[in-house]
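Asks: Take this structure first; my questions come after.
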Amino acid sequence: MSGSNLHSSGELSHLADEESENKTPLLADLRLWAVIGIIALLAAPHFFYPVMVAKVLCFALFAAAFNLLLGFAGLLSFGHAAFFGFSAYVTGYCLQSLGLTAELGILAGTATGALLGLLIGLIAIRRQGIYFAMITLALAQMVYFVCLQAPFTGGEDGLQGVPRRSLFGIIDMTSNMSVYYLVLAIFCFGIFIVYRTVHSPFGQVLKSIRENEDRAISLGYDADRYKLMAFVLSAALSGLAGSTKVMVFQLASLTDVQWQMSGEVVLMAVLGGIGTMLGPILGATIIITLQNELAQIGSLTTIVQGAVFVACVLLFRRGIVGELSHRWNQWRGRSIEPASEAQESRSEV
């Protein structure tokens, strides 16, 4: 092994060690939170409207996919609605016009999201900062106009009444409960993919590129290739979320591919806390719940969302989960320090 590779491995190991030191028993034990969350989600449709909870899960997966790109790769995209919305159209078309089963329709939508992510990524990935964000926005607007004009999308009406095809040809998907548990399974799968990616050597390289791209390049990593892979994975998971949403609402519309949708997913991730696992899920839950509860006030909902966002930015500059984690670390650090001093005193005695 070359000295450069050894140095690179050492850098990644150091980064991983720092990350493990910063974890806390309360906020970092994601396995415990996962068990609690799954139990709560299994019971949720018995206490809340299943379609509402399923919508939250779809957007939580969408926000987690976006956070993979922004929070861990440091790339701000204003075009993620293209993957979410266009994949929804493809899945809707496969289910409605081609008569494919549910899993094949969702796979087709997810693959479309990945392919679209590859095409957009190849164009945009060599740019950084605001230039990258603007290119993704411009290309996403092109996708929007394709969806508006293409014959298979239904134009301004979208695809309505998309049938809920059976799963694997044998499991009936016509009831809201069966669709909810399908959405829950897909959500858990998507979050697991994000978690494994973030905590893999690939994820460590992404974090090093986010922190100091020039240094990562000097260590021998092809930053553009890693960022492109992260972009494609994020696009695929966004497509998976959009495809799943079609199963829930039996509808694919221009709303899903508009630039406002890209703004909403940014809001969800920032509100919950970018660079955290739980943040985007919490942010999506808050935003979707607000939209549902304030639906009767119409366009004023956007104003309320903006006010909530401003308040959270002022009160929780790292996002809700990020700020709570930071304060917990501060409190834990103060509590550990006296204990360490007491231990040293006993050792001296």
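Including glycine, each Cβ sits where the backbone N, Cα and C put it.
Pulled these from TrEMBL:
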- 30-49: transmembrane segment (TRANSMEM)
- 56-84: transmembrane segment (TRANSMEM)
- 104-123: transmembrane segment (TRANSMEM)
- 130-152: transmembrane segment (TRANSMEM)
- 179-198: transmembrane segment (TRANSMEM)
- 228-253: transmembrane segment (TRANSMEM)
- 265-290: transmembrane segment (TRANSMEM)
- 297-316: transmembrane segment (TRANSMEM)
Asks: Is the transmembrane segment (130-152) packed against any residues at least 6 beyond its ends, judged by a Cβ distance under 8 Å, and which are they?
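Replies: Beyond its ends, the transmembrane segment (130-152) has Cβ neighbours at 75-82, 85-86, 89, 93, 97, 116, 120, 123-124, 254, 257-259, 262.
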Asks: Looking at the transmembrane segment (56-84) and the transmembrane segment (228-253), are there 3+ C-beta pairs under 8 A, with each pair at least 6 apart in sequence?
Replies: yes
Asks: Look over the recorded stretches 104-123, 179-198, 228-253, 265-290 and say which has the most C-beta pairs under 8 A to the transmembrane segment (30-49).
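Replies: Highest pair count goes to 179-198.
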Asks: If you count Cβ pairs under 8 Å, which stretch among 179-198, 228-253, 265-290, 297-316 touches the transmembrane segment (104-123) the most?
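Replies: Ranked by Cβ pairs under 8 Å, first place goes to 228-253.
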Asks: Check the transmembrane segment (228-253) against each of 179-198, 265-290, 297-316 and return whichever range has the most CB pairs under 8 Å.
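Replies: By Cβ pairs under 8 Å, 179-198 leads among 179-198, 265-290, 297-316.
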Asks: Below 8 angstroms Cβ to Cβ, which residues of this chain, lying six or more residues outside the transmembrane segment (179-198), approach it?
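Replies: Beyond its ends, the transmembrane segment (179-198) has Cβ neighbours at 30, 38, 41-42, 45, 50-51, 53-54, 57-58, 60-61, 64-65, 67-68, 72, 102, 106, 164, 167, 173, 233, 237, 240-241, 244, 247-248, 277, 281.
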